[in-house]
Amino acid sequence: MSALQASLLLRPLPSPLPPRRRLPLPSSSASFPRAGHHRRLPLPLRALASEGPQPAPSPAPDPPPPELPAAPEAEEVVGTAAAEGGGKVEEEELEDLVEKGRAWVLALAAAVVAAARRFFDWVVSGDWMSWWPFWRPDRRLQRLIDDADANPADPAKQSALLHELNKFSPEDVIKRFEQRSHAVDSRGVAEYLRALILTNGIADYLPDEQSGRSASLPALLQELKQRVSGNEDKPFMNPGISEKQPLHVVMVDPKATGRSTRFAQEIFSTVLFTIAVGLMWVMGAAALQKYIGSLGGIGASGVGSSSSYSPKELNKDIMPEKNVKTFKDVKGCDDAKKELEEVVEYLKNPSKFTRLGGKLPKGILLTGSPGTGKTLLAKAIAGEAGVPFFYRAGSEFEEMFVGVGARRVRSLFQAAKKKAPCIVFIDEIDAVGSTRKQWEGHTKKTLHQLLVEMDGFEQNEGIIVMAATNLPDILDPALTRPGRFDRHIVVPNPDVRGRQEILELYLQDKPVSSDVDVNAIARSTPGFNGADLANLVNIAAIKAAVEGADKLAAAQLEFAKDRIIMGTERKSMFISDESKKACLFKLLYFILRELILTAYHESGHAIVALNTQGAHPIHKATILPRGSALGMVTQLPSQDETSISKKQLLARLDVCMGGRVAEELIFGEDNVTTGARNDLHTATELAQYMVSNCGMSDAIGPVHVKERPSVEMQSRIDAEVVKLLREAYGRVKRLLKKHEKQLHALANALLERETLTADEINKVVHPYQEEPQLSFQEEDFALT
C-alpha cells in the first residue's frame, strides 16, 4: 500500500516537521462512485483515474527528530495549524493559551500526531499487512496498474486493467478510457461500453424528445471503431447503422455487478457462522461438564465426581455396633454359612490351608429366592473377616454415559489390589452379568471388563469376589465358570428348625409372653423365608403397641401370620359365623390336603429309590416348594459315572413313577394330580433315549435311530417307549404295595419335619423293612 492511501486515511494535520512529498489528491468523483452498490475504489486508483499515470515519487529522507519549539515559535505553529487544518479554534483562545504558557502542549500534540502519521505511512507502504484477505484485491489491482502504466502501448494489459477496474469503479474506467493516452482493443471498448451502461452514461448518447437532442450513439461507435482499427484484432463491428447490424443492449442487474462482493460476503458470513457454532459448542460442552460435575457434589455419586468411580469400603470403626453383622446373626441356612465360614477362616489363617496346597477361591456366587439371607451372609462375612471389604450394587455400574460401567469396574479392582487380601461384594450381579446380547453394547463392555478383572491376563491374587443374585439362570456362562466363580452356594428357604431359630433371633430383644410357642409358629409357617419371618415379628410388635400390651402374645403373632398369608381383613363386609367356619374349614382342608399329597408323592419317590437296585442313594427329601416343584427328593451318585447300565436306567424310570403311583394308591385313581407331569416328562425322555440311542429294546434291536426316522420306525419306537413306561409303572405299584407301611411312616415324618436327610429317612423306614404288607383294615386305620 502506497503513501497516497495513508494520506487519504488520515486527514492532513499540521506538523512542526517539513511535510513529505505526496501524490496529488484525487477528485471526489473518482473517490466515490455514483452507484451505491459498487465497491469503493481502492485509494491508489483515485489519482490514477483523474490524472493518468504518474511517475513514482522518490522517497524523501526521514527528517531529524523534532525539538520542542519556544513559545513564539509555538504560537506560529498553532496559527499555521489553525489555517491549514481547518481547525475551529479562535485566535483569541489561542492567544489565551499562549499567554497562559500552555503552547508547548499543542506543540507536543502536533508532534505526536505527525509521528503517528509517519509510522502509519511506513506500515502501509510496506508489506506488513499483505497477508490479510481483504488486502489481496488491492494488491492485484495495484499490480495491474503498474503493468498498464509501464506498457501504455500494450492493449492486452490495458484491457485487463479496465476489466478489473470495472469491478470497483466504472466511473474510473470511463475517465481512463477517455484520456486517449493508452492503447485499446475490442475488449477494452467492451469494458468501456459496460462502464457506460453501469453508470447510466449511455443515456447521454441516446435521443431525447424533450430537449430535441438527436442520437449520437452511432457516432460514438464509429469513433470507437477508429480507435481499434490500427490494432491486430478482429474487425470491429459497427452496430446500430443498419438492420443487418443491430445494436444489442443487455440490461444488467445491478446485483450482478457485485458478484465478487457477494462471494466475499458469503465467505465472511460462513466464517462467522462457523465461529459462532464453534463458540456455542464449546460453551455447551463447558456447561455440560459443569453440570455433570455438579452431580458429584457432597453426598452424591454423579458421573462427574471422582467419588462416583471410587468403590465403597466398609469401615466397621465408624459403623454403629448394631449394624455390624456376624455369623451369629445368620440363622436358617447352616449349609451356606458353613461354606462361607471356611472362606473367612482361610482369610484369617491362610497358612492352615496353603501348607497342603490349597488355594483361595476366586469367586463365590450366592443364589436363591428373594429374602433367604444372601445379602445378610455378605454382611456377616464383612463383620467376621479381618480384611478390607468393598461392595457395589450391580445397578451402580451403568449410567447414561457409555463407558462409565467399565471404568467403575476398573476402579473397584484397582482399589482392591492395593489392599489385598480383601473381599469384593457385588449385590444383584444379574444387572451387569446377564447373558450378552448384540444390541446391548454398553452392558457388554462392563461385563467384559468384569470378566477380565476376575480371570484375565493379569492375575488378581488375594481378591475374593462375592456376588448375590436371584436369577442365576440368566447369568453369562463365561461369568459363572470355575476360575471366576468357583463356588455356587444356594441359600434355600429355611426348614422348620431354621424358621424356629430365625424367630428366636428376632424375638430375643423383645418382651415375649409365656404363651408364645415358637416351635408351633415355625411349624405353621411353611414356605416362609427369613424376610417373611422378620416381617411377621414386626407386624406383631406393631399390633401389640397399638393395643397397649406390655409383651408380645401369641394372639399378636397369630394375627401377623394371618395377615401375611391371607391379607388384611375386610371388616366392612358382613359374613355370617357359619360362612366363616366353612371358609376356615375349606382353607385348612386344602392346605392340609396339599401338604399330605406332596408328602406321599415325595415319599413314593424315596421308597422306590431305597428298595430298587441300581438307584442312586438319597441325599435329602423335602416338601418345601423348590422353584416350580412343591417338593423334591434329591439323589446323588456315590461315585463318578462314565457309563450307565440298563439296570440303572430302569431304576431311574421306576423312581420317576414312584410319586404318581403313591398318589394313586393313597388317594385313588380319580384323585391323581398334575404334580407328576415333570416326572412323566423325564421318564418319557429317558425311555426314548434308551430305545432310540442306546439300543436297549428287544423290538427295535441294537439300532441308533436318527433324529427324523420313517413313519413306521417312529411308530415302533413309540410303542416300545410306552411298553417300558407301563412295565415301570407296574413294578413300582407292586413295590409300593409291598412297602406301604414305610410309605405312611415317611410321609408322616415329612409332614412333621418338612425336610429329612438320608440318615433321618433310613431311621424312619428301618423298623418297617422286614414287616409284611398291611391289610386293607390296617391301611384304613393308618390313613385315619
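Each Cβ is built from the backbone N, Cα and C atoms, and glycine gets one as well.
The model shown is predicted, which means the values in this text are computed figures rather than measured ones.
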Swiss-Prot Zn(2+) site partner of H601, H605, selected from D532, D550, D670, D679: D679
Fewest Cβ neighbours within 10 Å, where candidates are the binding-site residues G368, P370, G371, G373: P370
Chain residues in Cβ proximity to the transmembrane segment (267-287) (below 8 Å; excluding those fewer than six residues from its ends, i.e. six or more beyond): none
Fewest other C-beta atoms within 10 angstroms, as judged across T372, T375, which are the binding-site residues: T375
Cβ-centroid neighbours of Zn(2+) site H601, H605, D679, 8 Å, sequence order: E602, G604, G631, V633, C656, G658, G659, R660, A662, G675, A676
Binding-site residues compared (K374, H601, H605) - the one with the fewest other Cβ atoms within 10 Å: K374
Winner by Cβ contact number (other Cβ atoms within 10 Å) across the recorded positions E602, D679: E602
Proximal residue to K374 (ATP binding site) among recorded positions H601, E602, H605 (C-alpha distance): E602
